[in-house]
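*Asks:* After the structure tokens below, expect a handful of questions from me.
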Amino acid sequence: MMEEVLSSSLYTQQVKKLYKVGELLGLDNETLETLSQPERIIQVKIQIRGSDGKLKTFMGWRSQHNSALGPYKGGVRYHPNVTQDEVEALSMIMTWKNSLLLLPYGGGKGGVRVDPKKLTREELEQLSRKYIQAIYKYLGSELDIPAPDVNTDSQTMAWFLDEYIKITGKVDFAVFTGKPVELGGIGVRLYSTGLGVATIAKEAANKFIGGVEEARVIIQGFGNVGYYAGKFLSEMGAKIVGVSDSKGGVINEKGIDVGKAIEIKEKTGSVINYPEGRKVTNEELLISDCDILIPAALENVINKFNAPKVKAKLIVEGANGPLTADADEIMRQRGIAVVPDILANAGGVVGSYVEWANNKMGEIISDEEAKKLIVDRMNNAFNTLYDYHQKKLEDHDLRTAAMALAVDRVVRAMKARGIL
């Protein structure tokens, strides 16, 4: 039983992907072994005094996977299911994501095993400060730069920053990204992931389906990423014909006003109450007729059972891992292009880079300038990947090509530095 759990763990899945790509790149086992292990894993015990006076204990981690291309970069999540395995796997994914986007970073990830809904604001602040007290020696604007992730936000980063300054005496705002604007954050960080998804969808549409103008788009998941992806795609001339959230969705061939849809979601709790169109389940939405499908909610929603029924001509992964390996293979056989999450949802970390770079230079950037930098970086990354795929790995899918390009860059950097 334990072997089954281990074999299906996120970390094991990532190592398998690495070895598969390593074979294509002709990497030896020694190199792959080095790449599969984090350079450092920090495990900490965090104890806080609850508002009821009782001591509460939580486990936390920070995984620093690889620093060949620069300081570690990646979010910190608060979730009851956080494990060391998950944090290590996510830090590895961040290494490849940062490499693919040509960002001057390695990969890192942090997490605390906690249900934040069960803590008061005061307890959350205490937890956040204690986490930094435990790991501050391993952080720095040129060492490891955390950011928000699941259940953490700009307020969490503000607590992190304040605690870091108190302990170290260094007033260095670039140690954390995703901060409030008052503390050197940038406004576009709010929508940078959705902007990135829309930008990639437009570029991919130009290459695979003849452009984004009038393209019919379905978005599964109407949270921050889904909403902003829809908003920007609408502005680019696409027609949003379907949206959904956890309660279900709506299809309207004439087009959905995303501004109106988000208002209805905020007022009633779900986009399923959008008045014009027909109500559908999430399962029905994924196999509805469209040109571009953007799964922006949960992982593994497109699998071997529904992949043969998907009618989209192009899939852009807004969520992390929305397609299973079986679904990937089915899409490849059907000739449906899939732009992988490692690129499609990387707008968030590009936004973080813009914030970090401006903090380092002591500059204040306008939202328009920041937006342009994110769009340009995403466009360049997509076109570089597309060319690499066409020239070197045309027989494989875009996901394999993205991983190969990212791993190759890290290996070259490690060789140049004499690590390998």
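Note that Cβ sites are derived from N, Cα and C of the backbone, with glycine treated the same way.
Taken from Swiss-Prot, the feature N-acetylmethionine covers M2. According to Swiss-Prot, the active site annotation covers K109, on the basis of sequence analysis. Feature annotation from Swiss-Prot assigns N6-methyllysine to K254, K260, K372, K391, K392; the stated evidence is experimental evidence.
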*Asks:* If we check Cα distances from K109 (active site), which of the modified residues K260, K372, K391 wins as closest?
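*Replies:* That would be K372, nearest by Cα distance.
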*Asks:* In which DSSP state, out of helix, strand and coil, do we find K109 (active site)?
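*Replies:* DSSP assigns K109 (active site) to strand.
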*Asks:* Could you tell me which three-state DSSP class K254 (N6-methyllysine) falls into?
*Replies:* coil
*Asks:* Compare the Cα of K372 (N6-methyllysine) against each of the modified residues K254, K260, K391, K392 and report the nearest.
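*Replies:* It is K260, whose Cα lies nearest.
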*Asks:* Counting other CB atoms within 10 A of each CB, which of the modified residues K254, K260 comes out lowest?
*Replies:* K254
*Asks:* What is the interatomic distance between the Cα atoms of K392 (N6-methyllysine) and K254 (N6-methyllysine), given in whole Å?
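*Replies:* Rounded to a whole number, the Cα-Cα distance is 41 Å.
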*Asks:* Suppose we draw a 10 Å sphere around the Cβ of K372 (N6-methyllysine). How many other Cβ atoms does it contain, all chains included?
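*Replies:* Neighbour count, Cβ to Cβ under the 10 Å cut-off: 14.
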*Asks:* Could you say whether, by DSSP, K260 (N6-methyllysine) belongs to a helix, a strand or a coil region?
*Replies:* helix
*Asks:* For the C-alpha pair, I'd like the distance in angstrom between K391 (N6-methyllysine) and K254 (N6-methyllysine), rounded off.
*Replies:* 39
*Asks:* Using the alpha carbons only, what distance in Å do you get between K254 (N6-methyllysine) and K260 (N6-methyllysine) once rounded?
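*Replies:* Just about 14 Å between their Cα atoms.
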*Asks:* Where's the emptiest Cβ shell within 10 Å among the recorded positions K109, K392?
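*Replies:* The recorded positions K109, K392 were compared, and K392 has the fewest Cβ atoms within 10 Å.
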